[in-house]
Amino acid sequence: MKLKQRVVLLAILLVIFIFTKVFLIDNLDSSAANREDQRAFHRMIAGLRVELASKLDHTLQSPWEIAAQWVVPREVYPDETPELGAIMHAMATKKIIKADVGYKGTQLKALLILEGGQKVVFKPKRYNRDYVVEGEPYAGYDRHNAEVAAFHLDRILGFRRAPLVVGRFVNLRTEIKPVATEQLLSTFLTVGNNTCFYGKCYYCRETEPACADGDMMEGSVTLWLPDVWPLQKHRHPWGRTYREGKLARWEYDESYCDAVKKTSPYDSGPRLLDIIDTAVFDYLIGNADRHHYESFQDDEGASMLILLDNAKSFGNPSLDERSILAPLYQCCIIRVSTWNRLNYLKNGVLKSALKSAMAHDPISPVLSDPHLDAVDQRLLSVLATVKQCTDQFGMDTVLVEDRMPLSHL
């Protein structure tokens, strides 16, 4: 082989060597950066199926004490929860010692106190699983099963910001009426052979009661957060105006996110990233009705955005993707951990994970297959939106480390 040919061959081999080394280093760096998130994801998948068990063998604490100790500023429950099945079993079976009308709001609910003093919110069944609500995305009643499904999606996404929810059957005649307050009892009536109640709320009407099947009513119970963690309500920066014909600024100003980033608590800390996580969460469940949100009081923007009231979901097909995902579209940033988790869940993994997580719930099947398929399809839309952002601005700008301050953006 001639000298010139040898030099060319060596040069080609050197280039290949350099590119291979760079690729391997990048791959190793990426693997090292994502390794813990992958481990957390696989732990979650392995522990998805929560069997409702009655015993807490390793502790003398009550299930309510354990759940209360879990709550910290950035999560409602920890990554690993061996006691979760026992707590949810208690929520689904413990004796009801008092029943009252629900806290203020637009939707029918009841406030129950279970044996041991634990408060839970009961939302009754209003629709069959496959019923489609026509009209605006926020039309219709709350779906009790949507609360259950949303809690398990919160687990799967690794957010851990939704209070614990489980399905429950209650006998209105024997379990509720004997311990009901006069205010709640006055809203009971009989329709045909079914016991019904309409409660007290902004939209509660005697003409629109929730009815049991005979005396047995299906519903969901949501664990009340500990009183030592009082909540503060916030106007969502991407909320609607509630005025006919009047648009919110985000609906016409494509640079709206820049203004949000200059406003407390979105100018630093985790709150804006929480808003974007929540937009993804709401789009996956089909919730277009989060126009306020809650955090813990006096948190100076440090606490999580708590995923409360997720029941206006899994029922209305007329979703405006750009409206629900507006924070993601306009800010074009997302947590690295959220992006990794979403990628792990594609190709049918999300549907399978949700089915597995909800398999042991007392009201299983929680969702119909068309709803599960819709969640998988919406995931693809979220991934496509992030890809549009990364194509336009680059991965380093769009993918934000979880704790990174946002003042630089």
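Cβ from N, Cα, C; glycine included.
Quick look at what TrEMBL lists:
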BINDING   GLN107, LYS123, THR222, LEU223, TRP224, LEU225, GLU294, ASP309  ATP binding site
BINDING   ASP142, ASP309  Mn(2+) binding site
DOMAIN    191-398  domain 'FAM20 C-terminal'
ACT_SITE  ASP289  active site
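Sparsest Cβ environment among the binding-site residues ASP142, GLU294 (other Cβ atoms counted within 10 Å): GLU294. The residue listed as 'active site' and ASP309 (ATP binding site) are 10 Å apart (CA-CA, integer value). Counting in whole angstrom, LEU225 (ATP binding site) lies 20 from ASP142 (Mn(2+) binding site) by their C-alpha atoms.
Residue density at ASP309 (ATP binding site): 25 other Cβ atoms are found within 10 A of its Cβ, drawing on all protein chains shown. For the residue listed as 'active site', the nearest of the binding-site residues by C-alpha distance turns out to be LYS123; the candidates were LYS123, LEU223, TRP224. Cα-Cα distance from ASP142 (Mn(2+) binding site) to TRP224 (ATP binding site): 18 Å (rounded to the nearest whole number). For GLN107 (ATP binding site), applying a Cβ distance below 8 Å and a minimum sequence separation of six or more within one chain yields LYS123, TYR141, ASP142, CYS201, TYR203, ALA311.
Within the model, the domain 'FAM20 C-terminal' (191-398) shows a mean pLDDT value of 93, rounded to a whole number.
The Cβ neighbour count for THR222 (ATP binding site), using a 10 Å radius and every protein chain shown, is 25.
When the record's ATP-binding residues GLN107, LYS123, THR222, LEU223, TRP224, LEU225, GLU294, ASP309 are compared pairwise by CA position, the greatest distance found is 19 Å. With every protein chain in view, the residue among the binding-site residues LEU223, LEU225 whose Cβ has the most Cβ partners within 10 Å turns out to be LEU223.
Around TRP224 (ATP binding site), the C-beta neighbours below 8 angstroms that are at least 6 residues distant in the chain are GLN118, LYS119, VAL120, VAL121, PRO163. Its Cβ taken as reference, the residue listed as 'active site' is surrounded by 22 other Cβ atoms within 10 Å in the chains shown. A simple way to gauge crowding: the CB of LYS123 (ATP binding site) has 27 other CB atoms within 10 angstroms, across all the protein chains here.
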